[in-house]
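Here is the structure we will look at.
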Amino acid sequence: MDSIVVTGNGALSGDIPIAGAKNACLTLMPATLLSDEPLTLTNAPRLSDIRTMTALLQSLGAEVSALQDGQVLAMSSHDLNNLTADYDIVRKMRASILVLGPMLARAGQAVVSLPGGCAIGARPVDLHLKALEAMGADLELRDGYVHAKAPSGGLKGAVVEFPFVSVGATENALMAATLAKGTTVLKNAAREPEIVDLAQCLQKMGAQIEGEGTSTITIQGVDRLGGGTHRVVTDRIELGTYMLAPAVCGGEVTCLGGRIDLLEAFCEKLDQAGVSVEQTEKGLKVSRKGDRVRAVDVTTEPYPGFPTDLQAQMMALLCTAEGTSVLEEKIFENRFMHAPELIRMGASIDVHGGTATVTGVDRLKGAPVMATDLRASVSLILAGLAAEGETIVNRVYHLDRGYEHVVRKLENVGAKIERIKGE
Ligand code: EPZ
């Protein structure tokens, strides 16, 4: 397994390009199952998760061609010939469950392996299933698979009220509803920019959707959807991650294509901490106002609140802030696995349940650390950028799921970082 070696090397300076959003692309790709016409995605990120979703769609009979070094995905599911999403692929990536709604809506049936949990939590899919049942689907859980059947006349429009916000359940229900007979109303729907991006792509395909980006989304089912071309929205989590690099070690970096509206709650916290964020033509220009950031309290919430996917990275910054910060993780039950690794680097962190109290220290010291999940792995790299000496981040295959060319992007702004091939 490869590792990444980072050596604290002072201030950064230059531009970092931000890719298309992994979490938008992973729901835009299954949308191709809704139509027998071609759907092309541009600005697609080059990530292992995208390659996993490609393999899954191909296993169902869809054609997916990665063009222009993977930045364009030309897809067509004209010849769907297999309605079973196999455990072998699904177990690698829980977003695979997002083929369930589209397959059910288009083909009237689907067999999809339950995704199982992951490092950050049990991550059940009960809300996905309840939404599809509300639309008339008959679901049976057997041998670790969901066996789903739509009524003979197809799915029916329904009012679906989510007891709490779920990004994936909103996406599955939204896609299924585009071909359901009648009107579907999703209440307490997720409002993430990735949901808006999906809705806009579906609208290009002919879907009748209103209210995307608000808590209530209304969909008028149509008989069929066409194809189209859609540009994947900028990855706000990659954006926030790289904004923290100059915050952690000083200097000034512009994240190309960055927009403040994608990360308002996050930018407010950076402002409170003493990090300057300026919207320019090129993107978001970020620099630290003084020699040290100030402690801030953070609570993760569904959009437009502070994103859970930036909690680990923010903790890396707050480890050397002036004062004590309290981070509350309200979305996932086990998302502080980066804390023990940061403590190995000299951080002072106290974790109790979903709350981590971080007392800033002057400087972290490089150490060998272990990546445990995607966002934890990149928080360790951020910590290593400013730490004294060398940090070796092991098991960086986690990183490849969500960050393309992380070494090159950071090297280009002055970081001392390299990837070491493992056995
Ligand atoms: C999406 O996961 C993202 N993944 C996650 O990003 C992100 O952290 C999460 O949304 C929250 O923003 C993709 O988009 C591929 P949820 P998702 O359904 O849809 C519970 C990353 O690092 N829940 O909003 O799975 C669930 O366990 C990843 O890029 C149920 O109980 O998240 C969690 O505690 C990590 N039952 C909470 O709701 C359900 O049926 C929010 O989950 C569904 C979810």
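From the backbone N, Cα and C atoms, a Cβ is placed for every residue, glycine too.
Under the heading active site, proton donor, TrEMBL lists CYS118. In sequence order, ARG94, ASP373 are the residues near CYS118 (active site, proton donor), counting only same-chain partners six or more apart with C-beta under 8 A.
Taken from TrEMBL, the feature phosphoenolpyruvate binding site applies to LYS22, ASN23. For ASN23 (phosphoenolpyruvate binding site), the Cβ neighbour count at a 10 Å cut-off comes to 25, with all displayed protein chains included.
Here TrEMBL flags ARG94, ARG123, PRO124, VAL125, ASP126, LEU127, ASP309, ILE331 as UDP-N-acetyl-alpha-D-glucosamine binding site. Counting every protein chain shown, 15 other Cβ atoms lie within 10 Å of the Cβ of ARG123 (UDP-N-acetyl-alpha-D-glucosamine binding site). DSSP classifies ARG123 (UDP-N-acetyl-alpha-D-glucosamine binding site) as coil under the three-state reduction.
As annotated by TrEMBL, domain 'Enolpyruvate transferase' applies to 7-410.
The feature 2-(S-cysteinyl)pyruvic acid O-phosphothioketal is assigned by TrEMBL to CYS118. DSSP classifies CYS118 (active site, proton donor) as strand under the three-state reduction.
Within the model, the domain 'Enolpyruvate transferase' (7-410) shows a mean pLDDT value of 96, rounded to a whole number. Here the C-alpha separation of ASN23 (phosphoenolpyruvate binding site) and ASP309 (UDP-N-acetyl-alpha-D-glucosamine binding site) works out to 11 Å. Nearest Cα neighbour of LYS22 (phosphoenolpyruvate binding site) among the listed binding-site residues (PRO124, ASP126, LEU127, ASP309): ASP309.
DSSP assigns ILE331 (UDP-N-acetyl-alpha-D-glucosamine binding site) to coil in the three-state reduction, placing it in neither a helix nor a strand. Annotation for VAL125 (UDP-N-acetyl-alpha-D-glucosamine binding site): same-chain Cβ neighbours under 8 Å, separated by at least 6 residues, are ILE97, LEU114, PRO115, VAL146, GLY168, ALA169.
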